[in-house]
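Colleague: As annotated by TrEMBL, transmembrane segment applies to 23-45, 57-76, 96-118, 139-160, 195-217, 238-258, 270-288. Among the features that TrEMBL reports, domain 'G-protein coupled receptors family 1 profile' is placed at 39-288.
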Amino acid sequence: MSNSSSVSEFLLLAFADTRELQLLHFALFLGIYLAALLGNSLILTAVACDHRLHTPMYFFLLNLALLDLGCISTTLPKAMANALWDTKTISYQGCVAQVLFIVFFFDAEYSLLTVMAYDRYVAICKPLHYGSLLGSRACAQMAAAAWGSGFLNAVLHTAITFSLPLCQGNAVDLFFCEIPQILKLSCSGAYLREVGALVFSVSLVFGCFVFIVVSYVQILRAVLRMPSSQGRHKAFSTCLPHLAVVSLFLSTGIFAYLKPPSISSPSLDLVVAFLYSVLPPAVNPLIYSMRNTEIKHAVRKLFEYIFLQQK
């Protein structure tokens, strides 16, 4: 993946110029990162250790927690290191790796959220066929398809992006490397290859979005036909966390990439990038555990076990 412009490193955008604010940002990022690690690790451990959570919904939730750990670990540690050591640089290879893993984890997460919408649709609209449509083999295949599609898409976009000659310097206007920022540095007209690949990816994203919307329209119709208010409440309670995660994921991403150019500025772009790259992985564990008694019970049992082991 050589580049004719011979760029050896990129300059990332700093959150602050003064040393005191840099250290403050480091402490803030460290707290958010540790909270995300703890929350997602607790969900991973709880689902893996509690046999009552060995169901399709929680299997997909386990995969979501893994992807969230990958998402936040791709961007935040480098930002923390730069803030701590008062530097802005990232190597060319490091930038390539960031782009590869960001596209991989975000694409795989979006695909997985689409699969999770299908899981909720089958559970509520076709409960008698749930076991046959979402057996362990089918769940493993759908999860593997989500991870695999994300990886293939990431390799494609990363290879095309970093094959372009760079003529506009090496300053990236974000705290991490991403495709739109690298395209801004490419020579005029050279980015058209990547634009073609992006159009294809946007089409797939839109297709997944339509699938999620149609699934929830069918779910809503099925829930409203339920005679029992208790049944309706239970159905809504299993769907609301997923719907909240999808809404957070899409709203931050859409605002980041489709906001009007008239309101764009480096500081706003920095805040928006922080929101869509850091907020969902950090908040998702809280969303899924807030109203989920099974997750709460499993985490409580996990802490009790750890406490008893220390006695």
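A Cβ is built for glycine as well, from the same backbone N, Cα and C atoms used for every other residue.
Any TrEMBL annotation is an automated prediction that lacks curation.
What's the neighbourhood like for these features in this structure?
Modeller: Long-range neighbours of the transmembrane segment (23-45) within the same chain, counting only residues 6 or more positions beyond its ends whose Cβ lies under 8 Å from a Cβ of the stretch, are 15-16, 61-62, 65-66, 68-69, 72-73, 76-77, 79-80, 83-84, 278, 281-282, 284-286, 288-289, 295, 299, 302.
Among residues of the same chain six or more beyond the transmembrane segment (57-76), those with a C-beta under 8 A of the stretch's C-beta atoms are 29, 32-33, 36-37, 40-41, 43-44, 47-48, 98, 101-102, 104-106, 108-109, 112-113, 115-116, 119-120, 123, 139, 143, 146-147, 175-176, 238, 245, 277-278, 280-282, 284-285, 288, 294.
Long-range contacts of the transmembrane segment (270-288) within its own chain (CB-CB distance under 8 A, at least 6 residues past either end) are made by residues 13, 15, 32, 35-36, 39-40, 42-43, 61, 64-65, 68-69, 71-72, 75-76, 102, 173-176, 178, 241, 244-245, 248-249, 252-253, 255-256, 259, 295.
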Colleague: Taking a Cβ cut-off under 8 Å, which residues six or more beyond the ends of the transmembrane segment (238-258) line up next to it in the same chain?
Modeller: 57, 64, 106, 109-110, 113, 116-117, 120, 123-124, 180, 209, 212, 216, 219, 269, 272-273, 275-276, 279-280, 283-284, 287-288, 290-292
